[in-house]
Amino acid sequence: MNLDALQQRLGYRFSKPELLQQALTHRSHSAQHNERLEFLGDSVLNCAVADMLFGMFGKLDEGDLSRVRANLVKQQALYEIAQMLQLSEVLRLGEGELKSGGFRRPSILADALEAIVGAVFLDAGFEAARTLIRKLYIPILEQVDPRTLGKDAKTLLQEYLQGHKIALPQYNVIATHGAAHSQQFEVECMVPKLEVRVFGTGASRRAAEQAAAKLALDEVQKLVPQLLKRSRAERTGKTRKQPVPPDPQLSLRLKE
């Protein structure tokens, strides 16, 4: 297995290439697989990401830091990084796993990425692993808003409305469709002050509410700036000095 291209993409060259090979080996392939390295890499990754967030976002509290970290190290995030590194091309899978498309499976790719982090840690220590993690994550962090990352649509809508002193939205189930085992819920979300009324659907009430909240948030974010602009214009008009009307009696005296 030629791993030069992968090491180039990682920006790290192993002094013990067998560690990288083991990190890419699924348990379906051989007894010398990557699960122990994955365990180690998971801990190293969490520590390095926590350290990075602590240094980058000095104004975030403990709860927000935990939320952001959880979203950066969850399976989907790791899977996307693994895809960027093209790990599916170099995974070592057993024949059955290979035939079933294991090289595309998010869990397998995410685990392999954690195992690579563990392998780098064993190969050269924590600083080398932290350098790799920073290289992988800094481009991601430059594109996300840590204040909203990981928050669902209902939470974002509620926080946005509260920030502008607007009453919270109202959610109502207006219809359900389908058999009991495959129901679809339809929910309306209303923000009366802004005359917003949208509808969302989902396989559960919660999912439908989230879908409706996302649509409502899009509408609210368009309307609130217009409302604020109009409010400022009205305040400016009221405070602008009005011309003093002429005194009719003074006009008569001047004519005399």
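Even glycines carry a Cβ here, placed using N, Cα and C.
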Swiss-Prot Mg(2+) site partner of D111, E114, selected from E38, E62, E186, E188: E38
Proximal but sequence-remote residues of the same chain as D111 (Mg(2+) binding site) (Cβ under 8 Å, at least 6 apart): N34, E35, E38
